[in-house]
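Since the structure comes first, as structure tokens, the remarks are kept for the end.
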Amino acid sequence: MADAQLLLKRGPSRSTWLRARKARPQLVLSRRPRRRLGTLRWCGRRRLRRRLLQAQAAGADWRESGCLVSRSAARRPKTAAPSPAPAAAPAPSCPTTLPIPPVRPAGPGRALLLLPRDQGFTFSGICRVTCLYGQVQVLGYTISQGHPAQDVFSTYTHSRLTINAVHYSVPEKSKKEVKREARALLRSHLNRDDRCWLMKNFSPLCSIVMLEQLRTSTVNFLVSHPGLSYVFVQESPTFQINSEHLALRSVGIKREKKKNGLRLTESALSAMEELVTVSCEVDGCPVILVCGSQDVGKSTFNRYLINQLLNSISCVDYLECDLGQTEFTPPGCISLLNITEPILGPPFTHQRTPQKMVYYGKPSCKNNYENYIEIIQYVFSSYKREAPLIVNTMGWVSDNGLLLLIDLIRLLSPSHVVQFSSGRSKYMPNLTPDYVDDMDGLYTKSKSRIRNRGFQLAEFTESLEFADEEKESPVVFTGHKLICVQSDFAFRKTPRNRESHNKVLRDLAVLGYLGQLQPPVPKPLYPLHGLTPYQVPFNAVALRITHADVAPTHILYAVNASWVGLCKILDDVRGYANGPILLAQTPICDCLGFGICRGIDMEKRLYHILTPVPPEELRNVNCLLVGAISIPQCVFKSQRGLEGTIPYVTTDYNSKLPGASEKIGARETEETREEKVHPKPKLYRKIN
């Protein structure tokens, strides 16, 4: 009897629970469904996870009907009563959902990307981007239909790049006419199936992009070294292996989260808009100086600004004053370049030949400011004021670095100063014209000492011993417009790892330059010891160690297996019979390129120089400068085809030789450096 009463009590409660369960969605993850997920097998959980991820990417939730409903419609108050069970009806057909933006394979190493208006595709890796229809923008550069394809490099050393669909003007046409026009444009590029897929998902003002696999000799040379393949693509486990993933993988890229992409603040975008407007005016040749502390986004801003300017004008001039993180050359250089092509990658992917370049030889100018200022003045004298000039400065803006920046502003007379600041960076006063007037620099005087507004740098030019023709037309500072930019630039550098991170970037720039030695794709790579060097007689070039005092008897020890600047001095060195010819002072001279002194033949008195500089330029080289910029260690340790003892690598290092360490023979006693003038074992052994 008691058991019968107990069964009667359980009946209504269980039926009530069943009715409530049927009335609510099946896949809303309440407590009970979450517990029951554990009862699914591994393949079932993986299938369910993939379906939920697809629903989340489409901005919707799964419901009991099997279709996707918008999230706003799916939300209900927690206190709401359960809705009554729906009447029996045929389940509506749910259209197949596509990822946003959709990607489709278009053959080996090719993928189609359909970008709706104002949508973006963030990725990592390298690819060639062609806009088949519409208009897209990458790092500020606009690519329209009919424009040539652009090589894009989205690396893990910098913010990921995003292909953004931008608004473009079209004549008033019906949707049918627009689709007919797009189909005609795509006929020469795609097959019938791809065109049908695009037309099925076509929407007004969308953009169609072709992504193709990209292989360059420089990239192949970089990734051939152990540990550097991660720079472009990092493989990670994924639960969503579908046609999109396979298509992007065949191209050599990977979709990234939007938060990993490059994001500019409103103040940065506003500053760019103003600078582009000024530069596009009649006779608009502003001098734009960009300054700020380290890791606030100055270099990224410069790339974006250059690309924005190239959308409207044919060329932009660029003055590099940052020795440690150069944009277009190996580190340790001050250079002037004329940029005519967009910059769609980090510095080690676009090493270029400058219009004017001087090899300073160190990644910092501390304790040798006068030489730094003299070199900038020498390079800046080649600027013809025929295009806007962007000046990149160092991130050292405290103490003497700030005073040096004030000297640069007075020397270069910029029309606009873009000053970056961040909550995580060191305090830097606003460099208004009044502040610059009232502050003494390292070599210039303030306005309180020189009363006239347009003061001349007479004392400055005399102290630096400029040429007579330069003294006759001294620089006149007439003020500038200050544009302040608040940066939210996200970076992983800390004071502890900043130097090591910067060292990696400098090594990548050197490797990117050496990649020019390789033959074009599809020819295979050659190890550096398999390339034929140039033979340079001792009496054909002069030698100088720029950053340390080395005894003449040990000068060849320092030159061998070192990174050398190939320079041209005005002095004639052909009158010497034997050599080596040593310079007593470091000259300020044009640098035509760089190379590696991979061996010295003492019997024939020859230097063996490996360099990508063409032979017609090498005829003008008569000076070799050796600085503190070192060859990356992977060049010595990771050469393919070597057997036995690796040349120039040893554990038996004699640091007592003059110039062998930063403490012995160094001119800067207060500065600690990682780079050394490094004599190697078996100094005269050539790599065969």
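For all residues, glycine too, the Cβ spot is worked out from N, Cα and C.
Those TrEMBL annotations? Automatic predictions, nothing curated.
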Among 17-44, 73-100, 213-240, find the range that TrEMBL records as region 'Disordered'. 73-100
Please average pLDDT over the domain 'Clp1 P-loop' (292-425) for the predicted structure. 94
Could you put numbers on the helix, strand and coil content of the domain 'Clp1 P-loop' (292-425), residue by residue per DSSP? 41 helix, 26 strand, 67 coil
